[in-house]
Amino acid sequence: MNHTLERWNTTKSTDTYGVDEWSGGYFHIADNGDLMVMPAPGKKKRAVSIKEIVEGIRERGLDMPVLLRIENILDSQIAALNNCFTHAMEVLHYQGKFMGAYPIKVNQQQQVIEAITHFGSRYHHGLEAGSKAELVAAMGMLTDKNALLICNGYKDQEFIDLGLYASKIGYKCILVVEMPSELPLIIQRSRALGATPLLGIRIKLAAQAGGHWGESGGERSIFGLNTTQMIEAVDLLSREGMLDCLQMVHYHLGSQISNIREIRTAVNEACRVYAGLAMEGANVQYLDLGGGLAVDYDGSQSNFLSSRNYTLNEYCTDIIEAVMTSLDEVNIPHPTIITESGRALVAYYSMLIFNVLDVTRFQPEPLPEILPDTCPAQIRNMYDSLQELSIRNMQECFNDIIYYRDEVRQMFNHGKISLRERSLAEKIFWTTINEVARLAGELKHVAPEIADIERVLSDIYYCNFSVFQSLPDAWAIDQLFPVMPIHRLNEKPTRKGIIADITCDCDGKIDRFIDRKEVKRFLPLHELKNGEEYYLGTFLVGAYQETLGDLHNLLGDTNVVTVRVLENGEYEFVGELEGDSVADILSYVEYDPKNLIVRFRKTAEKAVRNGNITPQERREIMQAYEMGLRGYTYFER
Ligand SMILES: *Cc1c(COP(=O)(O)O)cnc(C)c1O
């Protein structure tokens with residue numbers, strides 16, 4: 001039996017990569033070792049091998065990396081959110097209803113908005129726009145007049161006018177007052193355009209959530225009205241005879257709220273405000289809780305930043321109960337509950353697939369039998385220390401080897417030892433470190449610096465993608481995403497590695513991985529096989545990653561492929577977007593590709609005149625240059 005197949009099976013891979021914990025039911029490992037995507041959780045018959053899709057993509061001529069979207073997952077997530085709220089409302093005898101609005105900023109791509117409005121229409125799932133451009137997109141895409149069109153964000157006259165026109169056409173467009181100064185302008189423009197606006201007020205909550213994005217709540221939050229400003233708004237609307245228009249209370253606590261307690265506290269406070277406005281005579285009917293529904297990226301089900309300590313059902317139930325408790329007390333009818341969940345709707349539906357280009361290992365190299373006579377004492381000491389290494393003196397040897405290694409470096413810098421001698425010292429060093437790691441593996445408890453050797457010795461897998469372009473949150477805010485191979489999962493992953501991208505930037509890497517308890521510093525991976533691609537995937541990347549990415553090292557948008565899985569388990573390609581070419585990228589930074597060709601041709605012609613190249617060679621070189629401009633910005637096989 002092949003040694004890597006020994007005592008390994010797909011169940012162990014499922015466990016190693018935590019698939020059942022983070023996958024939301026959308027992924028599982030097949031017996032042949034392929035990772036399968038399963039748009040209807042639990043329906044294994046309707047599952048497709050991701051590797052098969054990837055091979056299909058390559059056969060059609062698109063290269064890695066590719067952002068792969070599974071359209072039906074979006075459908076399933078929209079259904080899950082709406083059904084869960086509706087079901088919980090029935091169970092709890094809630095008198096109002098639920099309506100969702102997808103916040104465009106979470107993934108603005110037309111394909112995404114199109115799919116959401118399409119799948120969402122049976123629930124009247126609406127859209128939330130936070131800027132003029134988003135509103136323009138929303139008005140173009142939303143056709144369901146029963147769905148909500150919620151306008152947040154700082155509004156100028158143009159923004160307000162667009163919203164009012166949307167109302168006139170018949171959209172349920174709600175202008176949310178984010179700043180006190182917006183209200184007089186909205187009133188003035190409504191009069192001018194003869195429109196009756198639907199108004200909401202964004203409130204500042206005292207309750208503040210922790211985490212990266214929690215700043216949106218709290219007294220110091222940038223947007224929203226404080227209590228005094230709310231009262232002033234009510235008085236103004238009342239003077240203008242428009243208090244009827246004020247129908248919604250809105251807040252947004254921040255994204256990825258891991259702790260259910262913070263969600264509950266905020267709902268409570270918002271209900272008090274809602275009740276207060278009702279008592280002031282406002283015609284409130286909608287309570288909009290914004291986003292915040294978190295994704296369990298690491299599968300730990302905890303209040304860790306990349307997780308959440310609640311299920312979707314608990315989220316819905318807790319919100320409904322909190323609203324009922326607050327409002328029943330003061331006899332105020334139950335509002336329509338709105339959430340603007342973005343992350344939770346779209347995260348699952350995209351994955352980034354890339355191939356591994358190369359691996360660096362930190363392995364011992366063969367050492368000489370005896371050291372040369374001229375060998376400096378420090379190197380000799382290192383060698384002796386290695387010979388004597390055992391479990392009992394492991395710590396001492398480890399300390400010695402580091403001490404001598406530093407000394408050898410010093411001597412090298414002072415010109416006292418040669419390059420060849422330094423190389424010998426380094427070989428001894430890595431041999432010793434590997435040996436210490438092996439011995440430490442036999443012990444239950446080891447010192448932290450020795451335990452850390454495992455990380456230091458992990459391989460570097462060079463992968464064909466850019467963290468900056470495709471996983472900006474992994475770089476900017478240390479967001480964790482599940483990463484794993486998409487095939488060979490019936491083989492034991494015998495290596496431990498970290499992932500480096502092709503930007504050659506020391507930040508262009510993934511060296512923190514999901515774990516049930518903490519953050520893992522390396523990922524179990526397979527050895528590369530000669531002549532065979534090794535594909536990895538980063539999952540749950542559908543939210544926020546696509547447009548926050550940047551052009552670091554001029555690596556552009558990746559190819560994007562959208563797949564729909566059919567009832568019979570087959571699948572079809574429903575969308576293909578070619579990624580940026582080199583010419584595209586260069587024009588983003590203001591180059592004119594045609595002008596570049598002209599300039600380079602002059603340089604090449606000069607070389608012909610100087611006799612460096614023949615005219616024939618000039619032609620070949622120019623062809624290569626122009627091909628380069630048309631090519632993909634990533635590594636092409
Ligand atoms: C960003 C944002 C959202 C989306 O939040 P998620 O946590 O991604 O669901 C919703 N509403 C507003 C006002 C936002 O700014």
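Positions of Cβ are set from backbone N, Cα and C atoms, glycine also.
According to TrEMBL:
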type     : residues : note
DOMAIN   : 97-347   : domain 'Orn/DAP/Arg decarboxylase 2 N-terminal'
MOD_RES  : Lys105   : N6-(pyridoxal phosphate)lysine
DOMAIN   : 375-452  : domain 'Arginine decarboxylase helical bundle'
ACT_SITE : Cys504   : active site, proton donor
DOMAIN   : 582-635  : domain 'Arginine decarboxylase C-terminal helical'
Take the C-alpha atoms of Cys504 (active site, proton donor) and the residue listed as 'N6-(pyridoxal phosphate)lysine' and report the distance between them in angstrom, rounded.
30
So what pLDDT does the domain 'Arginine decarboxylase C-terminal helical' (582-635) average out to?
96
By a simple count of other Cβ atoms within 10 Å, which of Lys105, Cys504, the recorded positions in the record, is least packed?
Cys504
Reported in the order helix, strand, coil, what are the DSSP residue counts of the domain 'Arginine decarboxylase helical bundle' (375-452)?
58 helix, 0 strand, 20 coil
